[in-house]
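This report concerns only the one structure given below.
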Amino acid sequence: MEESDIYYWKGVAVRMAEQVERAVSPLVGTEDAGEIIKMGADGTPTKLIDLVAEDEAVGVLESTGRPVTIISEEIGVLHINSEGDEPGIIFVVDPLDGTSNAIRNIPFYGISVAVAERHPDGAAPTLNNVLMGFVKNFATGDLYWAIKGQGAFLNEKAISSSSQSSLDRTSLGAFIYGTRFRRVDSICRVIRRMRILGSVALELAYVASGSYDAFMDLRENLRIVDIAASKLIVEEAGGVVTNERGGEIDGLLNVKARTSLVAAGNLELHEKIMQTLEVI
């Protein structure tokens, strides 16, 4: 992607985050926010606040007048401003990550936006095609972002992941629902503390900034679209992201693709977490 295009699409992504934030703000903490409207393309119920967020995100892309594809949990895949060929630019969007938090007015929810470029040969796009990632915490206004090869940032300040490598001093975020208790218990016994905050994209952003030392989701049910932005941000900050077997996560950019995930601020800590999981 040309530098001018990077600058342009970065501006679009930031504007999308700002406009979605404004659109959902009146619904946060209200009973109406949780009303189920339909079933989303990913097979899960779409709530009113999700639909409002996604409609606003689509509107931002429509307003550019440029051909672009959006991939989102509720709508699936939509080609915008396009006639004929599939657009070369892809926005992978979770318009509201942490929906339950937003409905209950728990201040930990936001948007995840990844910008990818389609393979010239027409191959299906994967996580490796993601060039930019943006995760905004609507409750605080903080924007975590990265451009491939250019580092990671919190607002305008460069960030780096944690250098903590001792398990007994590690703060770990996790999504553990549906995970076998033995696996969770084995980790809890060796780390300092565990946090469960309810937004994977934002918790991975915490790994990137060093607020968390590590994060894991072992369900094999984590949507690729949910981590498309934050995976890049963690890696650009110096962190390590793999599946629970230590393999690369390079899933297809679609709403059906799922994975497990183990992220750490550095390779040494990641290896220690993997060793703990392997003995179970």
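A Cβ is built for glycine as well, from the same backbone N, Cα and C atoms used for every other residue.
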Annotated companion of Asp94, Asp97 at the Mg(2+) 2 site, Swiss-Prot, chosen from Asp226, Asp250: Asp226
According to Swiss-Prot, which candidate in Glu73, Glu74, Glu117 joins Asp94, Leu96 at the Mg(2+) 1 site: Glu73
Conformational class of Asp226 (Mg(2+) 2 binding site) under the three-state DSSP mapping: helix
Glu73 (Mg(2+) 1 binding site) in three-state DSSP notation: coil
Residue pair Gly98 (substrate binding site), Asp226 (Mg(2+) 2 binding site) - Cα distance, angstrom, rounded: 11
